[in-house]
Amino acid sequence: MAHPSQLGFQDAASPVMEELLHFHDHALMIVFLISALVLYIISAMVSTKLTNMYILDSQEIEIIWTVLPAIVLILIALPSLRILYLMDEINDPHLTVKAIGHQWYWSYEYTDYQEIAFDSYMVPTQDLAPGHFRLLEVDHRMVVPTEAPVRILITAEDVLHSWAVPSLGVKMDAVPGRLNQVAFIASRPGVFYGQCSEICGANHSFMPIVVESVPLEYFQNWSALMLEDA
C-alpha cells in the first residue's frame, strides 16, 4: 500500500498493473525528451540574435515538425491500446465475485461454488487491532486465491460508487441498475487496500475495499469456514 511521502505508484500486484507501470515509465520518458527539446529551443531563441532566412522558410523543417509529433503519438498510442484491450480481456475466470455498493459499505457474493455472502464495513478507529490501518481496514475482507483469474461483477444499490484497488490495477464504477465487470490476477499473496473512488455521498471516504490474496488451499479453508458460520 502507499506510505507517507510516496511519489510513485504502489507496488504492482497483478500483471495488468505491471504493464501500466511500464507504460507510465515509457510515456514519462517521452515527455522528458519533448520537454528538454522545447526548453533547448526556447533558450536558443532567447539567447541568440542571429536569424537565418532559409530556416524561417524551409519546407524540410515543416515536414520534420509534422512527422515527428505523429511518430511520437504512434509510440504512445500503440502500447496504450494494447493495455486497454488487456484490461478488458476476461478469459475463463476461476472465480466470480459480485460486489455491491451501498451507502456506505460494500457487500460481496460468492455464488460460483457455494452461497457465500457478507457485508464489509470499515472498522472504527477505536476498534482497530495493532497493525491495522485507520480508515482502510474492514471487518470482512474479500478473499481471493493467488494466481487465479478473478472476475468482479460490480453494481450499486442506491447511488454511484466505484470499486478501485490501485495495487491490482482495477477501477470500475458501480452503477445502480447496471452490472459492470472487471478482472484481475493477484500475482502474489498479500493484503491490498482500496477505497470507493466516486463521490457518492457524505461518508464516501469511509467505505474502504480490502482484497486478501491467499494460496488456493487457504482459500478453500476460508470458504469452508464461511459456510459453517452461515
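Cβ from N, Cα, C; glycine included.
Please treat TrEMBL annotations as automatic predictions, because they have not gone through curation.
Copied over from TrEMBL, here are the features:
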type: DOMAIN; residues: 1-91; note: domain 'Cytochrome oxidase subunit II transmembrane region profile'
type: DOMAIN; residues: 92-225; note: domain 'Cytochrome oxidase subunit II copper A binding'
type: TRANSMEM; residues: 27-51; note: transmembrane segment
type: TRANSMEM; residues: 63-85; note: transmembrane segment
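Within the domain 'Cytochrome oxidase subunit II copper A binding' (92-225), the DSSP-based counts of helix, strand and coil residues read 19 helix, 63 strand, 52 coil. Counting same-chain residues at least six beyond the ends of the transmembrane segment (27-51), those with a Cβ under 8 angstroms from any Cβ of the stretch are 72, 75-76.
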